[in-house]
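Working notes for the structure below.
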């Protein structure tokens, strides 16, 4: 359409049939390009809001972002674009060349403008601009047509400038090409050849168009007066546009790309020039959230200075306007860097590209070690990133930055396991030595004591007591005799024991056929000293008539061995189980572990947990039940997990508890980790200075108590006992902690941990974000009298002796002599003399001093002080084994090679019988209880001895020489009372 300065600027156009005709064409697209620049193309589009489509460098753009103000485009710096009206689009070049496309009634009009400097340098459909009309119709091959040529001749002139595939600047959609828009057979209807026009239409055209030939032609060709009216309006607009084009908008020079950093100052300068020499003003283009004060100007220069206060997208546009009203828009691309925690951004590029309606790029952050997130705002959760790498149920501790994805630590393996917390293996307590009196059964994570046939497990969990197989019922026909570890059957007078050792039959039955009236089906007739007598078989009882045998309802009388349901039958009974239980022998019901058998239905992220008689589906380790689903919450929302370590009695005695003013929901993993880290740091400082008191080193017996020994505690040593934290109410929880020594599983004394907490309340409150109150030992320490140390760990009890009352002058001399004698015996008392272990405040059962006796004998009582002084305490108290994690299926027994299943402990008072002399295995905890991480079902305080054994009397410690007279009983009692409290 126009070639300027030998191809320096190219303007091309496309034609198409307007609606309502196929005998004439109208412009439907234009494209303009400067050499070295990008093509800017405008197409008609009846489906769009503006009636046009805009392509820049072949990419479809959003035209609605452009307005009446000229603005630069990202693809080319020396070009401005604007949309003066809804259906008009204008392209300006810095040299003054411009092209405008306007669309009405689906037809496009094109206005091309150039400054005087390009006069004489144009060719094409628009002709040669040299003020000589004679050469306007110069064809592509240089042929010049006469200025008074016919329309048909002018049509041939136009076809000579037809776009070829190698010269086309147009963008084509998929499946389109130059050939799509070319039709070499088309010949329009020429206006100067029109004959016999519709008089009515012609009159309407003349009324609307006057003598405007373009308007008349369009009406006559399309038959639509509105089309002619649009042509007339476009002609007027073109004339107005030509006048406006003489005032070219200002040219703005400034950085095309800006790099902004969050919370830092963005500063740059702009300069502007106006071709017409008009004065220039600068302003922040509206709408904008930036204050006007960020921009200051002087003459043709402006300075922008703003401290970036946002992380979200923002458009930076500055309007530059000349005195004639022409304006240009400075619109740079902004790259925002909003990295935190030492993160940095690349100097170019970004995570997002600027879109059609914004020039903003949020830059990607390169995070410092240990941080992640789009802005490096989050510490890397190494536990989550490694899919909870610790052993099932073991706490995973995410280490703070700069620890990266490998920065995690696993807590200690669950009790009964060994390993590093990430890989844990079961400890076989049975192989390594246990306190079981007879049988030991190893479980994953623990063990269980069991007993041979004929014995049942004692209440201490390790000893074995004889089972009375005769109570409440037995399988003997008549008489059951309990023996140690077994039983035997015998018969009443007049009966003899059968070969099975259980059944009885008469030794002198009545002659065959002579029943004596007895019920011989359910009993017998027998001779008893010449007299016929009736007797009943097992399961029947003789009626009052002396001859009838009636069934005994063992379920009502209690003479049955069922541990759940009993059903009476003729002469006997049967046992059955509740739902969720199964018979493991004729009488014993045991819980069905649905989780082990696979007979459960847990879906999603839930796991099966066995319950007595049933099962439940619970969230897998590390997940939390939220709105009915198991989800992995972030640490600042996730509640703390249950401790996998079973606290020992010593741990509990060294535990400190306190109240905290927050709810359970507020005590999250993040809070717990922060508290544990601070407490570990405080313990490191305290126990380095107080190594002996903390148990880091052992005292050498000198008077110097404070010794500085380096020791480092970590969050792994900070432990919570089971059941904590717990809610006191909606706004207060109870917390409890004990502190393990880094060298092993021994906890530091509770008094030291109490001192650490009490002296650092403010700092601990700060990390918790809540008040702390009521700091105390979980188990209050017992008051003790001072004791004197005679060796490394041996305690000698100093017994005070009252001076005997002086009754007579003669007795005084004797008493003084005896007193001096006894005092001389006390001097030099050592650990070898008494051989007593130090008394520790361990919570052990008083029945744990030795195995229970056999044959129903009472357990041996704790040794007296005298016995200890004589033989020493040869063995430490026996601790009950920890509850197993999983119930075993079978345990081998010694009698007759029988195998019986261990019934769950649901009523430890049951005495179960087996068949053929074998006794069902003793009770153990149900699999539901075994799978749970609960402490043994004994209150710790109940395990404390109600009182210490009586101390030795003075005479037991210091024997009197032969012949020494006995002191009065009153004095001896007084001495004993005064030395009994510790």
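Cβ atoms are placed via backbone N, Cα and C, with glycine included.
Annotated compositional bias 'Low complexity' per TrEMBL: 973-982, in sequence order.
As annotated by TrEMBL, disulfide bond applies to 367-376 (among others). The local packing around residue 376 (disulfide bond), expressed as other Cβ atoms within 10 Å of its Cβ over all shown chains, amounts to 21.
The disulfide bond annotation in TrEMBL covers 430-440 (among others). When Cβ atoms from all protein chains are considered, those within 10 Å of residue 430 (disulfide bond) total 17, not counting its own.
Annotated disulfide bond per TrEMBL: 470-480 (among others), in sequence order. For residue 470 (disulfide bond), the same-chain residues 6+ apart in sequence whose C-beta sits under 8 angstroms from its C-beta are 476, 480, 481, 482, 487.
According to TrEMBL, the feature domain 'VWFD' maps to 1-169.
Residues annotated as domain 'EGF-like' in TrEMBL: 333-377 (among others).
The feature domain 'EGF-like' is assigned by TrEMBL to 379-425 (among others).
Taken from TrEMBL, the feature domain 'EGF-like' covers 426-465 (among others).
According to TrEMBL, the feature domain 'EGF-like' maps to 466-505 (among others).
Taken from TrEMBL, the feature domain 'EGF-like' applies to 551-590 (among others).
Positions annotated as domain 'EGF-like' by TrEMBL: 591-629 (among others). Along the domain 'EGF-like' (591-629), the predicted structure has mean pLDDT 86.
The feature region 'Disordered' is assigned by TrEMBL to 838-864 (among others).
Annotation source TrEMBL lists region 'Disordered' at 946-982 (among others).
For 795-819, the entry in TrEMBL reads transmembrane segment.
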Within the domain 'EGF-like' (379-425), count helix residues (DSSP H, G, I), strand residues (E, B) and coil residues, in that order.
4 helix, 12 strand, 31 coil
Can you tell me the CA-to-CA distance separating residue 367 (disulfide bond) and residue 430 (disulfide bond), as a whole number of Å?
52
Nearest-integer angstrom distance between the alpha carbons (Cα) of residue 440 (disulfide bond) and residue 376 (disulfide bond):
55
Alpha-carbon distance [residue 376 (disulfide bond); residue 430 (disulfide bond)] in Å:
52
